[in-house]
Amino acid sequence: MKILGKITITICGLLLLFFTSDFPDWGDVNSPASTHLSPYFIEHTIEDTAVPNIVTSVLADYRGYDTMFETTVILTAGLACFLLLRIPRKDSIHRYYRHEPTGVTIRVEGDRYPKGSNVFTRIDSSWVPYDLIINFTCRLLIHFIQLFALYVVAHGHHSPGGGFQGGVLLGASVILFAISGNLRAAIKRFGEKTAAILSSTGVFIYAGAGALCLFIGEQFLNYSALGPLLGTDRIMARSHGILIVEIGVAMAVMAVMIWIYYNLSSAGKQDEGL
Amino acid sequence: MIWPIDLIILGLVIVSAVAAITVKDLLSAAVLLGAYSFLLCLLWAVMGAVDVAFTEATVGAGVSTVFCVAAVFHTTRRTKD
C-alpha cells in the first residue's frame, strides 16, 4: 500500500512538473496576465483608488469579493475548530495546586478548590517552573509586536501588509502571552466569548461596508459610494473603504487565530494547555 | 532575481520539505515545516512579492507552526508508521 502511494505521488509530481513547463516565465511581458490585467492595475490604481500599494488595492478593492470570502473561510475554520474540539469542562476533574511558600504540589479532587487563596496557585498537570528570562522577554516583546501589528494594518496602503498580516501578528502576540505564562491567564484577558464576538464582527464590518454601498444605490463593495458619508470625494472614499475593510479583516483574523489556539492547545477543555 | 540565491533557497526548500515528511519525530516535523515556510517566504521576497512573503512569514512560519506544536503536545511525539 505504501509503495502504491509512493508510485502515485511520483507520477502526479512528474505530471505537475511536466505541465509547469507550459506556464509563462517569471516576469514574462507577453503572458496574458502581463498584457491585460497588470498594466491596467499599474496605470490606474492611483487615479482609481488613491492607494500607492497596488497589491492592497487589488486585494481589498478590485477583488473585494475574493477577500471577503477569504475572511469568511477563516471564520469558518475557527468555528469548525470550535465545534469539533470544544468540550465542556468536567466538574469532578482533579486539579493541581502549588503551595507557594513551601513549593509543595497538592492534588485536589471534588469541588474543594482553594479559591481566592494567596498561598495556593493553580498549576497545570505538566507544569514547568516559572522562568524569569522567558517571561520577561515575552512580556517586553508583546507590546512591540502589537504596536507593529497596528502599524501594519494602518499602513497597508503604503507598505506591504494589511488586515491579514496585522491580524495574525495581533493574534500571535496573545498566543505568545499564553505560551510564556499560562493558558488561563490569556483566557482571562481575551476570553472565548470575546474571540467569538470579534471574529463575527470583523466579517460583519467587511460585509456591512459592502452592503452599505448597496443601500446607497451602487454596486456591492463599490466603496466610492461611501464618499458623501465619509465627507470625501469618490476616489479618496475608495481608499478609506479599503481601510475600513482591512480593520474588519484584522479583527476577524486575530480573533480566529487566538480561538483556534485555545481549542487546539487545551484539546477543547480551555482549562490547561501549552 | 539573483539566480545563485534563488537556487540555494530552492534547494533548501526541497531539503526541508523532504525532511519534514520523512522524520519520525512529530515535533521535529512541525519545526521543519516552519523552516520550510520561512525559506519559502525568502523565495517570495527574492521574487519581489513582498506582500505574499509577509503573509507566509506570519501565517506559515509563525502561527501554523505554533498550531502544529500545540497539536503534537496532545499526541505522541513519534509517528506510528
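Each Cβ is built from the backbone N, Cα and C atoms, and glycine gets one as well.
Automatic, uncurated: that is what TrEMBL annotation is.
Quick look at what TrEMBL lists:
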DOMAIN    A:31-94  domain 'MrpA C-terminal/MbhE'
TRANSMEM  A:67-85  transmembrane segment
TRANSMEM  A:132-152  transmembrane segment
DOMAIN    A:133-258  domain 'Na+/H+ antiporter MnhB subunit-related protein'
TRANSMEM  A:164-183  transmembrane segment
TRANSMEM  A:195-217  transmembrane segment
TRANSMEM  A:237-262  transmembrane segment
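Per DSSP, the domain 'MrpA C-terminal/MbhE' (A:31-94) is made up of 49 helix, 0 strand, 15 coil. Long-range contacts of the transmembrane segment (A:67-85) within the same chain: residues 59-60, 164, 195-196, 199-200, 202-203, 206-207, 210, 221, 245, 248-249, 252-253, 255-256, 259-260, 263-264, 267-268, each at least 6 residues beyond the stretch ends and with a Cβ under 8 Å from a Cβ of the stretch. With helix defined as DSSP H, G or I and strand as E or B, the domain 'Na+/H+ antiporter MnhB subunit-related protein' (A:133-258) counts 105 helix, 0 strand, 21 coil.
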